[in-house]
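Asker: The structure under discussion is supplied below as structure tokens; questions concerning it will follow.
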């Protein structure tokens, strides 16, 4: 909105030409989301704390988590609100990718909200039944894949690329493209949700990955940079840096309240939405495999659950003391802050490795 207004004002004052620069608007988007989060956060947390007694705690979870009972949840709604407002203010609302990512974020956020609502209303930490959750996620994930495939305006937008082997380009059929899009959106949506089990554990890796995806989006949308770096040129993808910046700002603002000991939990409303956004942006800029690397913390958490369940079903034995794996380290005696910070460090390293693929040929 403000971007369009600034474009109109440019005819009277050349200074408003600054708003044509994605880098300038991305900074404004990040700051807007950050300050909105810090401003709205205390009020929202106060309202959430009055609702249904706070987050139900799993009885089979680590005993140290029982002290968290009553902590308000659904704090992810703060992230969704501030990201949406910031993008509407500073994003190019003529860009179809901007609208797609916003719709995906709000759709998965709605699924998460319903899941959180059931947990609170029924005092059941399991929430919405898995089959219904996956069904709803699948509908939106498949819809996003179909939209991206049938609106693609360049061959690169529907081609699969392998990092570090930039001469390898695999054209995708409609079925394979939609399938990949589905698995990345739904997969990362649930992966971030599984990671969100400790104070601040999921949000910092999300911020880091969002920042890195913003770099990829900016480069992919710029013909000069994409040609030099030998990455696919996707017209219009550059505007996704606004969303990535808004997520970074909103995420840091949320972390102010979610840092150990948390004043509020993100809840499924935030985790499902943010994971879906990361998956969607990675698909748009054709960096699916890079996301697997940069989002390695999310991948490891998910694999730990898969390994644990598979091992128990086949052998009756558990590989980890508890899954996801962050609980395993808790039960080994690691203090919660140590687990969190070490996972953050791993995330920083993996994001740097992902960014390095921009230059590795």
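Easy rule for this one: first residue shown is 1, then count along the chain.
Every residue gets a Cβ built from N, Cα and C, even glycine.
If you look up Swiss-Prot, you'll see 26-46, 73-93, 98-118, 139-159, 168-188, 200-220, 237-257, 264-284, 289-309, 339-359 marked as transmembrane segment.
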Asker: Might you confirm whether the transmembrane segment (168-188) is in contact with the transmembrane segment (237-257), defined here as three or more C-beta pairs under 8 A between residues 6 or more apart in sequence?
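Answerer: No, since the transmembrane segment (237-257) and the transmembrane segment (168-188) share fewer than 3 Cβ pairs closer than 8 Å, they do not count as touching.
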Asker: For the transmembrane segment (26-46), could you work out the same-chain residues 6 or more beyond its ends whose Cβ comes under 8 Å from its Cβ atoms?
Answerer: 72, 75, 77-79, 81-83, 85-87, 89-91, 214, 218, 241-250, 252-254, 256-257, 263-264
Asker: Could you pull out which residues elsewhere in the chain have a CB under 8 Å from any CB of the transmembrane segment (339-359), counting only those six or more residues past its ends?
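Answerer: For the transmembrane segment (339-359), the list is 163-164, 198-201, 204-205, 208-209, 211-212, 215-216, 219, 229, 231, 260, 290-291, 293-297, 326, 329-330.
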